[in-house]
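Participant: Before I ask anything, let me first share the structure, which is written out below as C-alpha coordinates.
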Amino acid sequence: MLVCVSLLILIHSVPVSPVTVSSRNPKVEVHEFSDAELSCEFKTEKDTNPRIEWKRKDKEKDVSFVYYGERFVGPFQDRADIEGATVRLRRVTQADAGEYRCEVSAPSDSISLGETNVTLRVLVPPQTPSCDVPSSALTGSQVELRCRDRHSIPPAVYTWYKDNRALPIRHPNATYTVNEFTGVLIPQSHYNPGTVCQHCMYHPNYHIPNTQLTTTFQTHDLNVAAVVSAVVLVCVILFLCAFGVCLAHRQGYFSRHRGRSFWIPHCHGVTHISSQNLNPSEHTQHSGYSHPPKEPQDFKHTQSFML
(Lines of atoms letter the chains of each structure in order from A and count residues from 1; the text may use other names and numbers.)
(Lines give C-alpha, C1' and ligand atoms only; values in the text may rest on other atoms or scores of the structure.)
Protein backbone atom coordinates (compact mmCIF):
# COMPACT_ATOMS: atom_id res chain seq x y z
CA MET A 1 0.00 0.00 0.00
CA LEU A 2 2.77 2.36 0.87
CA VAL A 3 4.49 1.51 -2.41
CA CYS A 4 1.43 2.55 -4.45
CA VAL A 5 1.10 5.79 -2.57
CA SER A 6 4.77 6.53 -3.11
CA LEU A 7 4.46 5.88 -6.84
CA LEU A 8 1.50 8.24 -7.12
CA ILE A 9 3.34 10.96 -5.26
CA LEU A 10 6.38 10.46 -7.48
CA ILE A 11 4.31 10.67 -10.66
CA HIS A 12 2.62 13.89 -9.59
CA SER A 13 5.90 15.41 -8.47
CA VAL A 14 7.56 14.98 -11.90
CA PRO A 15 7.16 18.28 -13.84
CA VAL A 16 5.00 17.98 -16.95
CA SER A 17 6.11 20.04 -19.96
CA PRO A 18 3.17 20.40 -22.36
CA VAL A 19 3.52 21.62 -25.96
CA THR A 20 4.43 25.29 -26.00
CA VAL A 21 4.28 27.58 -29.04
CA SER A 22 5.73 31.09 -29.29
CA SER A 23 6.97 33.64 -31.83
CA ARG A 24 10.12 35.75 -31.85
CA ASN A 25 8.33 38.55 -33.69
CA PRO A 26 4.55 38.64 -33.16
CA LYS A 27 4.19 41.89 -35.15
CA VAL A 28 5.79 41.94 -38.58
CA GLU A 29 5.98 45.07 -40.75
CA VAL A 30 7.50 44.85 -44.22
CA HIS A 31 7.40 46.92 -47.37
CA GLU A 32 5.21 45.88 -50.25
CA PHE A 33 6.79 43.31 -52.65
CA SER A 34 9.40 42.25 -50.09
CA ASP A 35 9.67 38.96 -48.13
CA ALA A 36 8.05 38.41 -44.74
CA GLU A 37 9.05 35.89 -42.09
CA LEU A 38 6.35 34.61 -39.76
CA SER A 39 8.18 33.11 -36.79
CA CYS A 40 6.77 30.09 -34.94
CA GLU A 41 8.75 28.03 -32.39
CA PHE A 42 7.44 25.08 -30.41
CA LYS A 43 8.48 22.53 -27.76
CA THR A 44 6.75 19.23 -27.13
CA GLU A 45 6.71 16.85 -24.18
CA LYS A 46 6.97 13.52 -26.03
CA ASP A 47 5.79 13.91 -29.60
CA THR A 48 8.73 14.40 -31.96
CA ASN A 49 6.64 14.85 -35.09
CA PRO A 50 3.72 17.13 -34.21
CA ARG A 51 1.18 18.38 -36.74
CA ILE A 52 1.72 21.98 -37.84
CA GLU A 53 -0.96 24.20 -39.35
CA TRP A 54 -1.07 27.87 -40.32
CA LYS A 55 -4.31 29.84 -40.62
CA ARG A 56 -5.00 33.41 -41.66
CA LYS A 57 -7.68 35.89 -40.63
CA ASP A 58 -8.10 38.72 -43.15
CA LYS A 59 -9.56 42.20 -42.71
CA GLU A 60 -13.09 40.84 -43.14
CA LYS A 61 -12.45 38.35 -40.28
CA ASP A 62 -12.62 35.40 -42.68
CA VAL A 63 -10.39 32.46 -41.65
CA SER A 64 -8.59 30.39 -44.30
CA PHE A 65 -5.77 27.84 -44.36
CA VAL A 66 -2.24 28.83 -45.31
CA TYR A 67 -0.44 25.58 -44.50
CA TYR A 68 -2.39 22.35 -44.05
CA GLY A 69 -1.55 18.68 -44.55
CA GLU A 70 2.17 19.47 -44.85
CA ARG A 71 1.67 21.72 -47.87
CA PHE A 72 0.73 25.31 -48.67
CA VAL A 73 -2.72 25.96 -50.08
CA GLY A 74 -4.48 28.74 -51.95
CA PRO A 75 -2.46 31.75 -53.12
CA PHE A 76 0.58 30.66 -51.05
CA GLN A 77 1.37 27.46 -52.97
CA ASP A 78 4.18 28.85 -55.14
CA ARG A 79 5.55 31.66 -52.99
CA ALA A 80 5.96 30.33 -49.45
CA ASP A 81 8.48 28.09 -47.64
CA ILE A 82 8.47 26.50 -44.20
CA GLU A 83 11.38 25.61 -41.94
CA GLY A 84 10.36 23.89 -38.74
CA ALA A 85 7.18 25.84 -38.10
CA THR A 86 8.42 29.23 -39.35
CA VAL A 87 6.88 30.39 -42.63
CA ARG A 88 8.53 32.72 -45.12
CA LEU A 89 6.32 34.55 -47.65
CA ARG A 90 7.83 36.00 -50.83
CA ARG A 91 6.79 39.30 -52.46
CA VAL A 92 3.95 40.13 -50.12
CA THR A 93 1.20 42.56 -51.13
CA GLN A 94 -1.67 44.30 -49.41
CA ALA A 95 -3.77 41.18 -49.96
CA ASP A 96 -1.43 39.24 -47.63
CA ALA A 97 -1.87 41.60 -44.69
CA GLY A 98 -3.77 40.22 -41.73
CA GLU A 99 -3.49 38.05 -38.62
CA TYR A 100 -1.81 34.64 -38.91
CA ARG A 101 -2.05 31.81 -36.39
CA CYS A 102 0.41 28.96 -35.95
CA GLU A 103 -1.11 25.81 -34.42
CA VAL A 104 0.98 22.85 -33.21
CA SER A 105 -0.82 19.63 -32.32
CA ALA A 106 1.01 16.88 -30.36
CA PRO A 107 -1.39 14.00 -29.57
CA SER A 108 1.16 12.19 -27.39
CA ASP A 109 1.54 15.11 -24.98
CA SER A 110 -0.60 15.69 -21.95
CA ILE A 111 -1.61 19.07 -23.38
CA SER A 112 -1.79 18.35 -27.07
CA LEU A 113 -2.43 21.78 -28.64
CA GLY A 114 -0.56 25.06 -28.61
CA GLU A 115 -0.85 28.17 -30.76
CA THR A 116 0.50 31.67 -31.29
CA ASN A 117 -0.56 34.68 -33.39
CA VAL A 118 1.53 36.78 -35.77
CA THR A 119 0.24 40.03 -37.29
CA LEU A 120 1.52 41.01 -40.73
CA ARG A 121 1.34 44.63 -41.84
CA VAL A 122 2.39 45.55 -45.36
CA LEU A 123 3.66 49.11 -45.75
CA VAL A 124 2.82 50.97 -48.96
CA PRO A 125 4.97 54.02 -49.79
CA PRO A 126 3.21 57.24 -50.73
CA GLN A 127 2.40 57.78 -54.37
CA THR A 128 2.09 61.08 -56.22
CA PRO A 129 -0.76 62.76 -54.33
CA SER A 130 -3.94 64.01 -55.86
CA CYS A 131 -4.25 67.78 -55.69
CA ASP A 132 -7.37 69.89 -55.32
CA VAL A 133 -6.08 73.44 -55.63
CA PRO A 134 -7.79 76.27 -57.56
CA SER A 135 -5.52 77.91 -60.10
CA SER A 136 -6.46 81.37 -58.86
CA ALA A 137 -8.75 83.18 -56.45
CA LEU A 138 -9.68 86.72 -55.47
CA THR A 139 -7.96 88.21 -52.49
CA GLY A 140 -10.24 87.94 -49.48
CA SER A 141 -12.21 84.93 -50.71
CA GLN A 142 -12.36 81.69 -48.69
CA VAL A 143 -10.55 78.76 -50.34
CA GLU A 144 -9.30 75.30 -49.32
CA LEU A 145 -6.16 73.70 -50.69
CA ARG A 146 -6.24 69.90 -50.44
CA CYS A 147 -3.54 67.28 -50.87
CA ARG A 148 -4.24 63.57 -50.33
CA ASP A 149 -2.96 60.06 -50.97
CA ARG A 150 -5.50 57.29 -50.40
CA HIS A 151 -3.19 54.28 -50.80
CA SER A 152 -0.22 54.84 -48.50
CA ILE A 153 0.13 52.67 -45.37
CA PRO A 154 0.52 54.01 -42.77
CA PRO A 155 -1.45 57.14 -43.65
CA ALA A 156 0.69 59.91 -45.06
CA VAL A 157 1.72 63.00 -43.14
CA TYR A 158 1.52 66.22 -45.15
CA THR A 159 3.70 69.32 -45.17
CA TRP A 160 2.91 72.49 -47.12
CA TYR A 161 5.60 74.78 -48.51
CA LYS A 162 5.53 78.43 -49.53
CA ASP A 163 8.48 79.67 -51.56
CA ASN A 164 10.40 76.47 -50.66
CA ARG A 165 9.89 77.05 -46.94
CA ALA A 166 7.85 74.69 -44.83
CA LEU A 167 4.76 76.23 -43.24
CA PRO A 168 4.77 75.54 -39.49
CA ILE A 169 1.86 73.44 -38.29
CA ARG A 170 1.41 75.52 -35.16
CA HIS A 171 2.42 79.15 -35.14
CA PRO A 172 1.11 81.87 -32.81
CA ASN A 173 0.74 84.46 -35.59
CA ALA A 174 -0.18 82.09 -38.39
CA THR A 175 -2.46 83.45 -41.10
CA TYR A 176 -3.51 79.98 -42.18
CA THR A 177 -4.65 76.63 -40.81
CA VAL A 178 -2.85 73.40 -41.71
CA ASN A 179 -3.93 69.85 -40.89
CA GLU A 180 -0.92 67.57 -41.31
CA PHE A 181 -3.06 64.41 -41.23
CA THR A 182 -5.72 65.41 -43.77
CA GLY A 183 -3.51 67.62 -45.95
CA VAL A 184 -5.91 70.59 -45.91
CA LEU A 185 -4.55 74.15 -45.97
CA ILE A 186 -7.06 76.95 -45.29
CA PRO A 187 -5.63 80.46 -45.71
CA GLN A 188 -7.32 83.31 -43.89
CA SER A 189 -9.24 85.86 -45.93
CA HIS A 190 -6.49 88.48 -45.72
CA TYR A 191 -3.64 86.03 -46.32
CA ASN A 192 -1.83 86.00 -49.65
CA PRO A 193 -0.09 82.61 -50.04
CA GLY A 194 1.98 83.79 -52.97
CA THR A 195 2.23 82.28 -56.40
CA VAL A 196 3.78 78.87 -55.70
CA CYS A 197 2.71 76.29 -53.11
CA GLN A 198 4.49 72.95 -52.75
CA HIS A 199 3.13 70.12 -50.67
CA CYS A 200 4.75 66.79 -49.88
CA MET A 201 4.26 63.70 -47.74
CA TYR A 202 6.60 61.68 -45.57
CA HIS A 203 6.68 58.79 -43.09
CA PRO A 204 9.28 59.69 -40.49
CA ASN A 205 8.82 56.48 -38.49
CA TYR A 206 9.11 54.02 -41.36
CA HIS A 207 11.94 55.52 -43.44
CA ILE A 208 9.82 55.71 -46.57
CA PRO A 209 11.10 58.25 -49.11
CA ASN A 210 9.22 61.50 -49.42
CA THR A 211 6.89 62.02 -52.34
CA GLN A 212 6.04 65.56 -53.31
CA LEU A 213 3.95 67.44 -55.84
CA THR A 214 4.35 71.07 -56.83
CA THR A 215 1.42 73.18 -57.94
CA THR A 216 0.78 76.85 -58.62
CA PHE A 217 -1.76 78.98 -56.81
CA GLN A 218 -2.19 82.68 -57.55
CA THR A 219 -4.25 85.37 -55.89
CA HIS A 220 -5.56 88.40 -57.77
CA ASP A 221 -6.77 91.68 -56.32
CA LEU A 222 -10.20 92.87 -57.39
CA ASN A 223 -9.89 95.35 -60.31
CA VAL A 224 -12.10 98.16 -59.02
CA ALA A 225 -11.50 100.37 -62.10
CA ALA A 226 -12.68 97.61 -64.43
CA VAL A 227 -15.82 97.02 -62.37
CA VAL A 228 -16.66 100.75 -62.32
CA SER A 229 -16.05 101.04 -66.08
CA ALA A 230 -18.37 98.10 -66.75
CA VAL A 231 -21.13 99.63 -64.63
CA VAL A 232 -20.79 103.02 -66.39
CA LEU A 233 -20.87 101.34 -69.81
CA VAL A 234 -24.06 99.46 -68.95
CA CYS A 235 -25.70 102.69 -67.73
CA VAL A 236 -24.76 104.51 -70.97
CA ILE A 237 -26.21 101.70 -73.09
CA LEU A 238 -29.47 101.76 -71.12
CA PHE A 239 -29.69 105.57 -71.46
CA LEU A 240 -29.19 105.41 -75.25
CA CYS A 241 -31.87 102.74 -75.57
CA ALA A 242 -34.36 104.82 -73.58
CA PHE A 243 -33.55 107.96 -75.60
CA GLY A 244 -34.09 106.08 -78.88
CA VAL A 245 -37.49 104.80 -77.73
CA CYS A 246 -38.63 108.30 -76.74
CA LEU A 247 -37.47 109.79 -80.05
CA ALA A 248 -39.28 107.11 -82.06
CA HIS A 249 -42.45 107.71 -80.07
CA ARG A 250 -42.35 111.44 -80.86
CA GLN A 251 -41.89 110.75 -84.57
CA GLY A 252 -45.07 108.68 -84.53
CA TYR A 253 -43.55 105.29 -85.17
CA PHE A 254 -45.58 103.87 -82.32
CA SER A 255 -49.01 105.60 -83.24
CA ARG A 256 -51.97 103.32 -84.01
CA HIS A 257 -54.03 103.27 -87.31
CA ARG A 258 -57.31 105.17 -86.86
CA GLY A 259 -59.42 103.33 -89.46
CA ARG A 260 -61.15 100.08 -88.70
CA SER A 261 -60.24 97.01 -90.65
CA PHE A 262 -61.83 93.66 -91.12
CA TRP A 263 -60.34 90.39 -92.21
CA ILE A 264 -62.46 88.19 -94.44
CA PRO A 265 -61.15 84.73 -95.28
CA HIS A 266 -60.89 83.88 -99.01
CA CYS A 267 -60.34 80.63 -100.81
CA HIS A 268 -56.66 81.18 -101.35
CA GLY A 269 -55.78 83.77 -98.78
CA VAL A 270 -57.18 86.68 -96.81
CA THR A 271 -58.78 89.79 -98.24
CA HIS A 272 -58.38 93.04 -96.33
CA ILE A 273 -61.27 95.52 -96.42
CA SER A 274 -60.76 98.87 -94.78
CA SER A 275 -63.39 101.17 -93.33
CA GLN A 276 -62.91 103.57 -96.28
CA ASN A 277 -64.01 100.88 -98.72
CA LEU A 278 -67.12 100.19 -96.64
CA ASN A 279 -68.12 103.92 -96.50
CA PRO A 280 -67.20 105.49 -99.85
CA SER A 281 -69.49 108.48 -99.24
CA GLU A 282 -67.34 109.65 -96.35
CA HIS A 283 -64.33 109.51 -98.57
CA THR A 284 -65.86 111.35 -101.54
CA GLN A 285 -67.06 114.29 -99.46
CA HIS A 286 -63.52 115.45 -99.06
CA SER A 287 -62.60 114.98 -102.74
CA GLY A 288 -65.30 117.41 -104.11
CA TYR A 289 -66.78 114.92 -106.57
CA SER A 290 -70.22 113.23 -106.28
CA HIS A 291 -71.64 110.43 -108.40
CA PRO A 292 -74.88 111.07 -110.34
CA PRO A 293 -77.97 109.38 -109.00
CA LYS A 294 -78.78 106.03 -110.49
CA GLU A 295 -82.23 104.63 -111.25
CA PRO A 296 -81.88 100.88 -111.29
CA GLN A 297 -85.48 100.35 -112.54
CA ASP A 298 -85.50 102.86 -115.50
CA PHE A 299 -82.02 103.06 -116.90
CA LYS A 300 -81.40 105.53 -119.73
CA HIS A 301 -78.30 106.89 -121.35
CA THR A 302 -77.56 110.41 -120.29
CA GLN A 303 -75.40 112.96 -121.98
CA SER A 304 -72.37 113.46 -119.83
CA PHE A 305 -70.63 116.24 -121.76
CA MET A 306 -71.91 119.26 -123.59
CA LEU A 307 -70.15 120.28 -126.78
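Cβ atoms are placed via backbone N, Cα and C, with glycine included.
What you are looking at is a predicted structure, and each value in this text was computed from that prediction instead of being measured.
Straight from Swiss-Prot, here's the annotation block:
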{"type": "SIGNAL", "residues": "1-18", "note": "signal peptide"}
{"type": "DISULFID", "residues": "Cys40-Cys102", "note": "disulfide bond"}
{"type": "DISULFID", "residues": "Cys147-Cys197", "note": "disulfide bond"}
{"type": "REGION", "residues": "278-307", "note": "region 'Disordered'"}
{"type": "COMPBIAS", "residues": "292-301", "note": "compositional bias 'Basic and acidic residues'"}
Participant: Can you count the other CB atoms that lie within 10 A of the CB of Cys40 (disulfide bond)?
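Facilitator: Cys40 (disulfide bond): 27 neighbouring Cβ atoms within 10 Å.
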Participant: Within 10 angstroms of the C-beta of Cys147 (disulfide bond), what count of other C-beta atoms is obtained when all protein chains are considered?
Facilitator: 25
Participant: Write out the long-range same-chain contacts of Cys102 (disulfide bond), meaning residues 6 or more apart in sequence whose Cβ is under 8 Å from its Cβ.
Facilitator: Val21, Ser23, Leu38, Cys40, Ile52, Glu53, Trp54, Ala85, Val87, Glu115, Thr116, Asn117, Val118
